[in-house]
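K.L.:
According to Swiss-Prot:
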REGION    79-82  region 'Involved in Mg(2+) ion dislocation from EF-Tu'
MOD_RES   Ser149  phosphoserine
Amino acid sequence: MAITAQQVKELREKTGAGMMDCKKALTETDGDMDKAIDLLREKGIAKAAKKADRIAAEGSTLIKTDGNKGVILEVNSETDFVAKNEGFKELLNTLADHLLANTPADVEEAMGQKMENGSTVEEYITSAVAKIGEKITLRRFTVLTKDDSSAFGAYLHMGGRIGVLTVLNGTTDEETAKDIAMHVAAVNPRYISRDQVSEEETNHERQILTQQALQEGKPENIVAKMVEGRLNKFFEEICLLDQAFVKNPDEKVKQVIAAKNATVQTFVRYEVGEGIEKRQENFAEEVMNQVKK
């Protein structure tokens, strides 16, 4: 019998499974909705879909480069234990290879792309969820490019808890590029240089520092000078080039870069779970939630 789009839509809403999985299940069960749900459950696909309301705030970052292209990605899981699972690591590598080869514009586009095995990225992740038993999400990625006279710097901290990918122009010294990536991982600057800081943000900080100085009872005639000094400290906290180099605090990052006749084109820093609010549950609630399932 012919399967209608409405049937597929209804099954997707009931199970959260992918469109092609739903269509296939309905075809195999002659359009019987209940049997199709059972079939999806038997295959572990509906089970995976039911995990969609959970918060995936663990996981790992990964960086891969190929010639003049590089990718950094973050994939989330629910527990740190799964993030160390070989199956999860294989998934990370497979996704990295796909993103590097196909350079989708964003996660939404990536999820709909076909992979070498014929499935979409979304279907591939769903099948991995069924095997691993936790919600897994491709949270974000960035593909960077460089030219032959530039260098990628890749650094993973704590096995991928933090990942940084940098591009240095004017040098092919990957060791220096990696050192800068390590610095970014440790210090977490927000900008490359102070000229990237908006006038609005600078003025806002200046206003706060001025009020701080006045509250301290400093004479007005020296407040302006104090504020500019403190503003320099502010820039050192947020701007990469102004920071003391983590491997040698006697040097500024800009001095390390200048010694190689290089400039920082860009950097991307991912920290697993940043910005995701992890649900806090007590043990009694956790037990009750398991009982209800």
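Cβ coordinates are placed from backbone N, Cα and C, and glycine is handled just like the others.
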K.L.:
Ten-angstrom check, please: count other Cβ atoms within 10 Å of the Cβ of the residue listed as 'phosphoserine', all chains counted.
P.N.:
11
K.L.:
If H, G and I count as helix, E and B as strand, and all else as coil, what does DSSP give for Ser149 (phosphoserine)?
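P.N.:
In the DSSP reduction, Ser149 (phosphoserine) maps to coil.
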